[in-house]
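Below you'll find the structure, written out as structure tokens, and then a few comments.
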């Protein structure tokens, strides 16, 4: 008998297990899509708990597959659940879950990398950026092949306050290869400190929640998996456009084992490169003999702010591409070499 004044918790009716769903629809993880199924509902429940309080929340699950995490999300008492699944083979099994939770589940057969999330949730859920996060969550056991490009895309959305972040500081709870999770959360000086560390930590509070051993998945991946929780910051630690921050950070880490000035040099054309590199590092007050992974967030902020001023003074600087300059030089060398060889052949023919 229900306790007066309390709403009964939502419970899914009896359903085939996730393993039975896989057998029923003859689902097999595709290696080219880096798919790995998580069948242990205790672990899927634990992932969902990292997202926080989900009762009456709106949730988007990315790549639900056979629906293990989906069941745990529904059992948490969500108001609405949006499922975005690229692989059509999983849709029938997800429809079974949808029928078991009438009115709660919407299934989209599509690619999360191209899906427009600006209209995924009701307008009334929107909050100001300075307010507490909205009652919206993104959860997903991401295929390894998509996890890094997807989090970079979402970090850009955070920076621009668009996509799923048009509603406010939407929180994300996602799985990554353990090594990628360590990069996302690495501190200055740590061996895993990387471009991902700076791009994620300057925009979000990033928490490495727990590690799931590889043997918990089917098929077993060669690596362990970590669950990472993201909460966008009210103020980014580097207040410059996403593209500028990414360019500076990517350049610094281009030669991660060398002194940081070596990577910073690649921000500038060959003509005047040394002088401008020295100017940038002196103005930003950064020791040129530090390795990239030793730089603090404040040092990256100084580098980005100074580089921005240099770009404002020289509008053509930001579009400069170091790799393109190398490619052009290589083409010129090859052209000169082929011209020289052709001239030599012509001289031999004349002789």
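Cβ coordinates come from backbone N, Cα and C, glycine included.
The S-adenosyl-L-methionine binding site annotation in TrEMBL covers 36, 38, 63, 85, 111, 141. TrEMBL lists 43-234 with the feature domain 'Ribosomal RNA adenine methylase transferase N-terminal'.
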Inset, instruction - Starting from each candidate's C-beta and looking 10 angstroms out, tell me which of the binding-site residues 36, 141 has the most other C-beta atoms. - result: 141
Inset, instruction - Find, among the binding-site residues listed as 85, 111, the one whose Cβ has the highest number of other Cβ atoms within 10 Å in the structure shown. - result: 85
Legend entry - Intrachain C-beta neighbours of residue 63 (S-adenosyl-L-methionine binding site), sequence separation six or more, cut-off 8 angstroms: 84, 85, 86, 112, 140, 141, 142, 143, 146
Inset, instruction - Please list residues from the chain of residue 38 (S-adenosyl-L-methionine binding site) whose Cβ is under 8 angstroms from its Cβ, counting only those at least six apart in sequence. - result: 44, 68, 69, 141, 212, 216, 217, 218
Inset, instruction - Would you report the average pLDDT that the model assigns to the domain 'Ribosomal RNA adenine methylase transferase N-terminal' (43-234)? - result: 95
